[in-house]
Amino acid sequence: MLTMDDIVREGHPALREVATEVTFPLSDEEKKLGRDMLEFLINSQDEEMAEKYGLRGGVGIAAPQLAVTKRFLAIHVHDEKDRLYSYVLYNPKIRSHSVQQACLSGGEGCLSVDREVPGYVVRSERVTIDAFDENGTPLKLRFKDYPAIVIQHEIDHLNGIMFYDHINKENPSYLPPDVDVFG
């Protein structure tokens, strides 16, 4: 079972590397790590498990956050209609994105960042993702609103990008016109 001790923190070189694609068939270790990542997210959202094991709540995690510089991630997040998006995705790529942008009212956080970073992180409001499941089956998934923000945050990790790289350095509270704000 993964715990917070397994997650590398900002400053670790794996967080700034561009991760390499996995090849199929996946190794048993890659499959297990993907499943463990999803289990971590589920446990972190369970109040009893989170308290017992000292887990910070998370909705997404990428392999580089575990010092594994390979292109896979897990998300476990509900949208505003309580629809669950629970996936382990291998070699995910953003196929297309909306012109309309969105951000979270309270900014973003990260399991690898142990501090609050104020500022808006503006992202696409909708994205279409191409990816593979653990069996190598191709997937085409659409995300909008909060789940779209989460998946973009995690794909950024695969490209060595941290959420705060997107924050306006001169004015963190600057919000471009016509950006939808959630939360």
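Any Cβ shown, glycine's included, is placed from N, Cα and C.
Quick caveat, the model's predicted, so the values are computed rather than measured.
According to Swiss-Prot, the active site annotation covers Glu154, on the basis of sequence analysis. Per Swiss-Prot, Fe cation binding site is recorded for Cys110, His153, His157.
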Quiz item: Excluding Cys110, His153, His157 themselves, which residues in that chain have a Cβ inside 8 Å of the centre of the Cβ atoms defining the Fe cation site?
Solution: Gly60, Ala62, Gln65, Glu108, Leu111, Ser112, Glu154, Asp156, Met162, Phe163
Practice problem: Around the Cβ of His157 (Fe cation binding site), how many other Cβ atoms lie within 10 Å? Please give the count over every shown protein chain. | Solution: 25
Practice problem: For Glu154 (active site), just give me the three-state DSSP call. | Solution: helix
Self-check item: For His153 (Fe cation binding site): intrachain residues, at least 6 apart, with Cβ closer than 8 Å
Solution: Gly60, Glu108, Cys110, Val121, Arg123, Phe163
Quiz item: Under DSSP, is Cys110 (Fe cation binding site) helix, strand or coil?
Solution: coil
Exercise. For Cys110 (Fe cation binding site), just count the other CB atoms lying within 10 A of its CB, please.
Key: 25
Practice problem: Can you check which residues sit near the residue listed as 'active site', meaning Cβ under 8 Å from its Cβ, same chain, 6 or more apart in sequence, and list them in order? | Solution: Gly60, Ile61, Ala62, Leu73, Ile75, Pro92
